[in-house]
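Q: Sharing a structure below in structure tokens format, with a few things to ask.
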Amino acid sequence: MTGTSNIPTHGKEHKDAPALLPLPAPNPHHTHAAHPGDPSHDRPPSRGKLFIKTHGCQMNEYDSAKMADVLTTTEALELTDNPEEADIILINTCSIREKAQEKVFSQLGRWRALKTNGRDVIIGVGGCVASQEGETIVKRAPYVDLVFGPQTLHRLPDMIRARREQNRPQIDISFPEIEKFDHLPTPRAEGPSAFVSIMEGCSKYCSFCVVPYTRGEEVSRPFEDVLTEIAHLATQGVREINLLGQNVNAYRGAMDPGPSNNTNPAAPPYADLGLLIRAIAQFESIGRIRFTTSHPLEFSDSLVEAYRDIPQLANHLHLPVQSGSDRILSAMKRGYTALEFKSKIRKLRAVRPDISISSDFIIGFPGESDTDFQKTMQLIEDIGFDQSFSFIYSRRPGTPASNLEDHTPDEIKRTRLEHLQKHINAYAADISKRMIGTVQTVLVEGPSKKNPNELTGKTENMRPVNFPGNPRLIGQFIDVHITEALTNSLRGRVHTN
């Protein structure tokens, strides 16, 4: 493998950062419903149980958490892991892969029996399949009570009420831009690491992707609203912030035109991701900042400068490239060439030489030749990608790529995928092995799932580390000496000087 080693170092130094912005005081009226969602307030007795099943990306996980927040707060529902005892059952769907709709209807069919035993169980379908299918879901599965899109989950209490009063299905798959964030309860931390959605949708319209059609075009949350949510989380012990968006580095958050902006005509009307990261870094208790998922077109010099100046910005970047062939990238409508992608990585490594870079790859895109695939493999060799995601192309109805002819046999696609994954996994394993003997900064997240007598956390380059330690370390950043590299994790011991 050529290029940089990608092994993170401990105690790295960065150039002095410029003066930053004053932080807002927590103000739940900026972005959230008033105090009923505040974790400091007692909840009323449970009025039923709620089950949520989530498919798909981290944004869906975030949305499901917000559904739970809304319904446990406003409807006094209690979460359950058992759909058979639930009064409300929701499935948050993903449409990124082929046959997603069939999987949803199959799951709904299994739940149908829960409505036939005399219980008034409400079944709802949310997420991207709901946005795509709309009324078709109710026509095909008339026992479904609610159909709602990613942008209307905050309306669930009203939809449930209307369903019970009118005794007919409720459908709302509209795109009310950023409205949902104005009606969500104050965020509740579930541990030392928290996700914060800063923008929704995507306006890039890659030829293979359904996101612009299911989540709408790019809409950014106001700058101060994001900081207010983070301020609430920081008061609850959150130490790591994960910024979310379908195209997160396209963030353009409107800034409050306060006195500083009035006296400075050159002040920007919005904050980009780099400026937002600088503002988050001013929270003393926030020790690590991450963001996902990015688009290479939006990977700006401002973001490179943030990596240069902000030590809290994790030494890891996930930047989906999809292919190393310019011909395929053009057919995908990605808007960049392989050389332009490498140029962005070169700029980043000039300020963070040891940064870990992961990516996404689509194999078997219509028309992909052996030469195209070899160019992808060459890019992998040139960059030295760490842990990455790779998939065989999945034709999505309604996207431009779904009309392209595809003559490549499935067997060849599978062979290419296996070849690519073998190389990516080898690179990742090599990086893990070379971390043995190093000292890594780890955010302790809680007990290990496999051994509750041990603790677990993540390194900056997203590797889980399991190690013996005192539970009082949970929620803290500690130094861990890495002693062993396993297939999907590391082992270590607490480092003492």
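Cβ atoms are placed via backbone N, Cα and C, with glycine included.
Remember, predicted model here, so these are calculated numbers, not experimental data.
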Q: Based on Swiss-Prot, name the residue from Cys128, Cys202 that is recorded for the same [4Fe-4S] cluster 1 site as Cys57, Cys94.
A: Cys128
Q: Measuring CB to CB from Cys57 ([4Fe-4S] cluster 1 binding site), give everything in the same chain under 8 Å that is also at least six residues away in sequence.
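A: Sequence-distant Cβ neighbours: Cys94, Ile96, Thr293.
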Q: Rounded to a whole number, how many Å is the Cα of Cys206 ([4Fe-4S] cluster 2 binding site) away from the Cα of Cys128 ([4Fe-4S] cluster 1 binding site)?
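A: The separation of the Cα atoms works out to 17 Å.
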Q: Reduce the DSSP letter at Cys128 ([4Fe-4S] cluster 1 binding site) to three states and note it down.
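A: DSSP assigns Cys128 ([4Fe-4S] cluster 1 binding site) to helix.
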Q: Tell me the Cβ contacts of Cys202 ([4Fe-4S] cluster 2 binding site) under 8 Å, same chain only and six or more apart in sequence, or just say none.
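A: In sequence order, the residues whose Cβ lies under 8 Å from that of Cys202 ([4Fe-4S] cluster 2 binding site) (at least 6 apart) are Cys209, Val211, Pro212, Arg215, Glu217, Glu218, Gln246, Asn247, Ala250, His295.
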Q: For Cys206 ([4Fe-4S] cluster 2 binding site), list the number of other Cβ atoms lying within 10 Å of its Cβ atom.
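A: There are 21 such Cβ atoms around Cys206 ([4Fe-4S] cluster 2 binding site).
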Q: At a 10 Å cut-off from the C-beta of Cys128 ([4Fe-4S] cluster 1 binding site), count the other C-beta atoms across all protein chains.
A: 25
